[in-house]
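Structure record follows, encoded as structure tokens.
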Amino acid sequence: MTVKYSINELLVDHESLSDNFTCPICFDLYYSSSSKKEVFQCRDGHLACKSCWSDSLLNKKECMICRTPVNSMNELSRNRFIENEFLKKKVYCPNSFFFIENVNVDDSSMNEALIRDESNGCKEIITVEALEKHQVECQFRFEKCPFTGCDKILRLKQIAEHKIDCKFSSKYCLHCDKEIPGQLDAHALVCPKVRIQCTQSESCKKSFPREQLRLHIDQDCKFTIVKCKYCCLNNSKNESIDFKRFELADHYEKVNHSFEMDKVINNQQLELVECKNQIYQINNKYEKLLERVIKLEQLSMDASNKLSLLPRFKNSIIFATFSTHKLKRVNEGISTVPLDVGNNKFKLTLYPNGYDESNKGNISAYLYRVSINEPAVKVSFTFVFNNQDSRKNRTYRIQEYTFNGGATSGWGYPKTLKTVDVDSANGWLTDEDKLVIGLRIQVLP
């Protein structure tokens, strides 16, 4: 649990801040609520945060202050001196304030929400650079009570004392060998391992774990009421068919059940015949289903063999000096040479700044058929935008699309990566300024 704050509220000496530490465009400090911002400058030394530069260069290729031409982020230099100087500023520990729930960091009332806790708060004054590490180690940070059901939020130093008296604290049950939240007395009334006496009759003196009670009553307890399995078939003699389990053996010995037993045997024989018929029918159904499965497996194998014989293309496409292409206008694309896939030719076309105005600022990727006077062809195709960190690769797949014969036709994704994000810092470009896209094309039957 952390105190919500803006870095401006933690500063010990606001007067020591100069305009050099504030972005002249968005007027925010060069530091977010949890990490420093990157500061970039034009060749004439005018500063702004990275996000402001990125947004501005999408509209105008110039410095926002002096109008010096700036074609891309690669033409800016990073001002680490300003970044590091801000990290040396002194701040109060966030845990010097009271914890207040449901406070938004961006709320305009934030200054009113943060209140110093002079009695119990942290007294440390640290640098901005040490802030994150200190918060992890601070003994005055806020923690939620670990016991289920307790919603109290306390300082770490107060948790140990609170746990002693917390009504939701866990207790160890010797019977079930578990930590139990709440009171042990209440748990003992339902604990499956607590030994209890049989509840079927006071005459039964046996005891066992609670979880075995139902099994004992159903199968073992001699005082459980049971029925004679024969008398229920013919009760014309008005004999009682309910007995305590220990009386049943005596009943079977004294009463002749031969007639009833014959009925049971006859019924079982009829049931046996019915079961045999059902087994025969099930076996027939099984044989038919097995035949269908074999046929389907053969069809699947034939389809796979046919698909493997169909034309396909798989290779990596490299777009060199891609940073220069990011300056292209909307609907201005760059294409590969024609790629042979069987009797068809295709080309991959990228629109670095969008195919049209609706996807401006995004890279649009389309596959075009350039074969002339060829019949329609159905394909599946995949674009894989490769990142230096392969875990971040982006895959875009079209399961099925039919390219019509004759006229040039194309299909793809109007929005893939954001244009501004495609640089070497984010891993989308190599050190040689190359964008690498894996392309797979499969002709379908």
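Cβ coordinates are placed from backbone N, Cα and C, and glycine is handled just like the others.
Your range for zinc finger, going by Swiss-Prot and the list 72-128, 186-242, 243-299, is 186-242. Within the chain, the zinc finger (23-67) has long-range Cβ neighbours (under 8 A, six or more residues past its boundaries) at 4-8, 17, 73, 75-80, 82-83, 86-87, 105, 128, 132, 327, 361, 419-420. The residues of the zinc finger (133-186), classed with DSSP into helix (H, G, I), strand (E, B) and coil, number 18 helix, 14 strand, 22 coil.
Across the domain 'MATH' (314-441), the DSSP tally of helix, strand and coil residues reads 13 helix, 59 strand, 56 coil. Counting residue by residue with DSSP, the zinc finger (23-67) contains 10 helix, 10 strand, 25 coil.
Across the domain 'MATH' (314-441), the prediction's mean pLDDT works out to 92.
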